Amino acid sequence: MAAAAAAAAAAAAGDSDSWDADTFSMEDPVRKVAGGGTAGGDRWEGEDEDEDVKDNWDDDDDENKEEAEVKPEVKISEKKKIAEKIKEKERQQKKRQEEIKKRLEEPEESKVLTPEEQLADKLRLKKLQEESDLELAKETFGVNNTVYGIDAMNPSSRDDFTEFGKLLKDKITQYEKSLYYASFLEALVRDVCISLEIDDLKKITNSLTVLCSEKQKQEKQSKAKKKKKGVVPGGGLKATMKDDLADYGGYEGGYVQDYEDFM
């Protein structure tokens, strides 16, 4: 009996040890880390993985923000380069304008020019300055080299050629004060008429002949008017004397009245 009681006590003690072992196994789900603590501060296994994923999302957001901040810097640098190019062109253009202006104000002394040549030179320099200003405006505002005026025209109808002729006339006649204007027109008319037929040449010749006759009539009339100014017509002597005496007749007729009674 005593032996049976001892065996029962030993079995009960074994069960107690087994239960204690099961009790200590409850710490297994908690992951230990170096230093005696748990990962993430007493968190259950699996919680730290969620936190790691969240940290990665934040990293992605930070990278996107950095890329967004870099792009404006690239755009600003490109704009800065364009602005520097524009300023450089403006400086070059301004230098050219100053040189042209200096030549306009101070003509070359070593070369003696006639008034006509001086006028032609000034017109040429003025044209260069206008072209320079136009080119600067185009470069500044990014305008294409669009052609205007005579160069832009391609006449095909009668009205087109009429408008084309007006533009040519305005362009050419601005140099009519030049000493070489007449010889220039002579050569120009001859050159542009070379390819014409005889009938067309006759029409142009007749038109110029009529123009020449009209100019001759105007010249004769102008000379006749100049001659008439030096001749006093009939009765002019009496009228002239009367006007001279009127300057001295201050009293109700005066010398003028006496002169008329005498006559």
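Note: Cβ is positioned from N, Cα and C throughout, glycine not excepted.
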Of 168-183, 248-263, the range Swiss-Prot labels region 'Promotes stable association with the 40S ribosome': 248-263
Chain-internal residues near Thr114 (phosphothreonine), provided their CB is under 8 angstroms and they sit 6+ positions away: Leu179
Arithmetic mean of per-residue pLDDT over the region 'Promotes stable association with the 40S ribosome' (248-263): 48
